[in-house]
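Participant: Below are the features I grabbed from TrEMBL:
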| type | residues | note |
| --- | --- | --- |
| COMPBIAS | 112-125 | compositional bias 'Polar residues' |
| DOMAIN | 8-74 | domain 'DNA polymerase alpha subunit B N-terminal' |
| DOMAIN | 221-325 | domain 'DNA polymerase alpha subunit B OB' |
| DOMAIN | 348-556 | domain 'DNA polymerase alpha/delta/epsilon subunit B' |
| REGION | 108-140 | region 'Disordered' |
């Protein structure tokens, strides 16, 4: 564009009825023409449109500064609009859609300023309390599918073909309890009045991160020794044993010894590699164990046991009897607890990540889960990580364009916003595979930015550590996202016991009174034993124990505790499963026998 002299620009202004004698204003106007590649006619048209919307602003230097800012904003939005025309069929994120909608509205405002008020000027949809935005626009701006578009954080937007072509959607694969007549559609006002609290005392609950990687071997040893002694006292009282013998002292009579099961090498435990390690009060030594005389047993490394047998040489214990402890009592809300028999049972949904197929970062499984929540309207949703899976191929190869924290916050925002109409209570449990979070066990709860941005939404979100004991309307839930079933299943040995390995492992968790009784832990679990001693032990036997795992889904009653493995929402490239439960706390029966609050449960394909 040719340079326009200042005198000519002054004459151009007069043709529009604008008089200006300030050379600095004319110079600024000339600068705007050059920088924005606009001729004087176009620039004057823009200024008139701008000044008209501002109640007829005078042409001054300050006003031109604000005008320049508006021009830059409009220019960037027009680029966004042209990008929309060039890539109409491309997956878009929520922010680009907001810019497109705003740009279209501002273009309509500019056209209206040039036209005579009439019917045509009323075609633009106003956004005021009297005339709210259209449902289409509101849906676009709040859709979790748009917020979770992979275009936000991945150069690859190809959806998973195997997931989209999966079969058996909505199929019930496991049922438990009285399923007939069960209503899985929640109440009209889900979550209203539902109390969700951690069972731990406020000063003992894990509510924030902590320093780790500073463990001393002596401290770990003290924690393990205290565990042996505490369990030993309970076993002594349970079986009325006067005293324990040292494991390494020769004895010609049968003795009773206390210790922890260990393996004599770095390999997998087997019947020939079992060692018994005593606590410091009983010598603190290890002795090999001969299991040949035991008719049945189920053992794993880290298990605290009471054994009876012969050790004539002091070098090997020939076990003849194995004692097993009892689970803790169930939580009691008190004898004066009143229950409303006519009250509807609570509908609880349980799901565990990952929430994307392994071959794509599209969150289609999570979007499908949100649709299930909107359809079934559960009272409480227990959602386990990983939300951004550290084992995902694109995460491992760093093929993302946004930070892990940003992707996680988009994921959480989409769940909260997508279930806004339902009003259900959301409980988020972290996992070791959440790539942005602290990978230590016990694991502190997630932290979210701007928690007070929307108080009504913040009140229905609960962030809990892993593991934890949750109290939902008087019903206790034991929650842990660590795959203890898989880890213990690889180490446990058994003989003459039930063929149901899941039930054996779950019973070990209850009798050892620990969310992770295995020692040493699996390589992928980074254990802080001092914190685990405080936060990793069961306070009571939970009414319902949720243990998500890579292993096959199930719902089982183990020693009166309903144990649920909902499976993972995705299994590789295909869809997985989620769980749902109907629970209702009933008044204590007259005969004193406990009734499980879990009325029925199902595992369903997504």
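Cβ coordinates are placed from backbone N, Cα and C, and glycine is handled just like the others.
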Participant: What are the DSSP helix/strand/coil residue counts across the domain 'DNA polymerase alpha subunit B OB' (221-325)?
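Facilitator: Helix/strand/coil tally for the domain 'DNA polymerase alpha subunit B OB' (221-325): 22 helix, 40 strand, 43 coil.
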Participant: Summarise the model confidence on the domain 'DNA polymerase alpha/delta/epsilon subunit B' (348-556) as a single mean pLDDT, whole number.
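Facilitator: Summing pLDDT over the domain 'DNA polymerase alpha/delta/epsilon subunit B' (348-556) and dividing by its length gives 92.
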Participant: What is the three-state DSSP composition of the domain 'DNA polymerase alpha subunit B N-terminal' (8-74), stated as helix, strand and coil residue counts?
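Facilitator: Counting residues per DSSP class in the domain 'DNA polymerase alpha subunit B N-terminal' (8-74), I get 49 helix, 0 strand, 18 coil.
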